[in-house]
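Annotated in TrEMBL:
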type	residues	note
TRANSMEM	12-35	transmembrane segment
TRANSMEM	47-74	transmembrane segment
TRANSMEM	86-106	transmembrane segment
TRANSMEM	118-137	transmembrane segment
TRANSMEM	158-176	transmembrane segment
TRANSMEM	213-233	transmembrane segment
TRANSMEM	264-285	transmembrane segment
TRANSMEM	361-382	transmembrane segment
TRANSMEM	394-418	transmembrane segment
TRANSMEM	424-445	transmembrane segment
């Protein structure tokens with residue numbers, strides 16, 4: 001068996017550890033499909049938990065499940081012992097343990113060298129455990145002061161142990177997400193809410209959406225394997241790279257980022273197929289006639305939305321969508337003081353939490369600080385767009401697109417190379433343009449105040 005894995009791994013250019021993970025990862029699709037035929041509520045929870053434990057063992061070894069057990073126990077214990085503060089307690093304990101694992105394993109180095117460990121799955125699990133505790137905490141608050149997302153996801157009753165473990169280790173999302181809510185998991189398992197098909201019409205077929213996700217995964221992996229030999233990340237520290245002209249360096253930064261993104265598109269497409277085939281990916285019916293099923297709950301990326309983003313503001317809504325949603329609901333929104341508008345500090349704090357969640361590498365920290373600057377600069381350009389005539393507005397729309405493309409391509413190098421030396425070498429090779437440009441635009445936004453939107457002026461004249 002090991003010899004077969006060795007030859008298979010060599011044929012596609014990955015390590016045996018990565019191949020074993022990929023095989024288990026793809027196996028989540030048929031195993032999620034079989035979930036549909038498990039009879040009864042409790043057996044379904046048990047199946048979700050058992051398959052998650054088994055695949056983790058095959059992928060990462062026995063120690064992985066011990067690592068997963070720590071935040072799960074901490075989260076559940078905080079809900080049982082101190083409901084009034086279980087959300088914040090779980091947040092800090094969960095992130096504390098994850099940071100400890102990041103420091104101990106330094107997974108980024110392993111991933112760059114073709115290795116893999118359980119830290120990626122632990123990242124997903126940490127968000128699930130925290131959201132469950134916060135929603136249970138919200139269950140004792142008055143509904144009047146809650147946001148819509150809080151009202152929808154709050155847990156009035158403590159989930160049972162088997163419900164909790166099934167939610168945490170549900171095989172379809174255990175390895176790479178997407179993150180989903182305990183309330184949705186319970187409704188899905190029990191056939192409640194939008195999953196109560198008997199009362200609301202026929203059960204939607206997931207097969208067309210699953211095939212679409214699988215075709216997308218195949219295309220993304222094929223493109224990645226074809227591009228990656230031409231755009232290695234080691235190039236940023238080679239003397240030949242620094243001899244290139246400014247525009248050629250920018251072009252290489254763009255192509256290396258584009259190449260790396262196809263790997264993530266592949267991973268998220270496989271996860272999407274797994275969640276859709278289980279039925280959990282169902283998110284309701286369209287308003288069309290006849291209505292069609294929507295499968296957005298499993299969607300973690302909008303490929304065209306990322307590659308042709310007109311503004312950096314939309315990036316969190318189209319890239320790692322479910323984690324961005326988690327950060328908005330459990331960090332960004334909760335940092336906004338009542339009666340006040342959110343500002344740069346809330347954005348920076350949210351991006352910092354995202355950086356720490358990914359790992360403690362300088363490249364991650366720099367990238368997410370960069371992304372906060374990038375979004376803030378894009379907001380300034382957008383405000384300028386709203387107060388100018390249509391002819392000038394079109395030019396600013398293009399400027400925002402070009403700005404987003406340039407700064408994102410520049411910034412994501414740090415996310416890929418991780419080390420401080422390589423990050424600063426790549427940024428410095430293009431005169432730190434992706435850092436200077438957002439700062440200049442933000443400062444100009446303090447001086448050049450946008451006028452009132454042209455539409456409002458036209459209405460007044462009428």
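Cβ coordinates come from backbone N, Cα and C, glycine included.
Here the transmembrane segment (158-176) sits against the transmembrane segment (47-74); at least 3 CB pairs are under 8 Å, leaving out pairs fewer than 6 apart in sequence. Same-chain neighbours of the transmembrane segment (12-35): 2, 5-6, 44, 47-48, 51, 55, 58-60, 114-116, 171-172, 174-176, 210, 214, 225, 267, 270-271, 273-275, 277-279, counting only residues six or more beyond its ends whose CB sits under 8 Å from a CB of the stretch.
Residues 25-26, 28-29, 32-33, 35-36, 170-173, 175-178, 180, 184-185, 188, 194-195, 201, 204, 206-207, 209-210, 213-214, 216-217, 220-221, 224, 291-301, 303, 320 of the same chain lie 6 or more positions beyond the ends of the transmembrane segment (264-285) yet place their CB under 8 Å from a CB of it. Put simply, of 86-106, 118-137, 213-233, 361-382, the stretch with the most CB pairs closer than 8 A to the transmembrane segment (424-445) is 361-382.
A Cβ distance under 8 Å defines the sequence-distant neighbours of the transmembrane segment (86-106), meaning residues of its chain 6+ beyond its ends; these are 67, 70-71, 74-75, 78-79, 117, 119, 122-123, 126, 129-130, 133-138, 330, 353, 356-357, 359-360. Counting residues 6+ beyond its ends, the transmembrane segment (213-233) has Cβ neighbours under 8 Å at 12-13, 29, 112, 252, 255-256, 258-260, 262-263, 265-266, 269-270, 272-273, 276, 298, 303, 416-417, 422 in the same chain.
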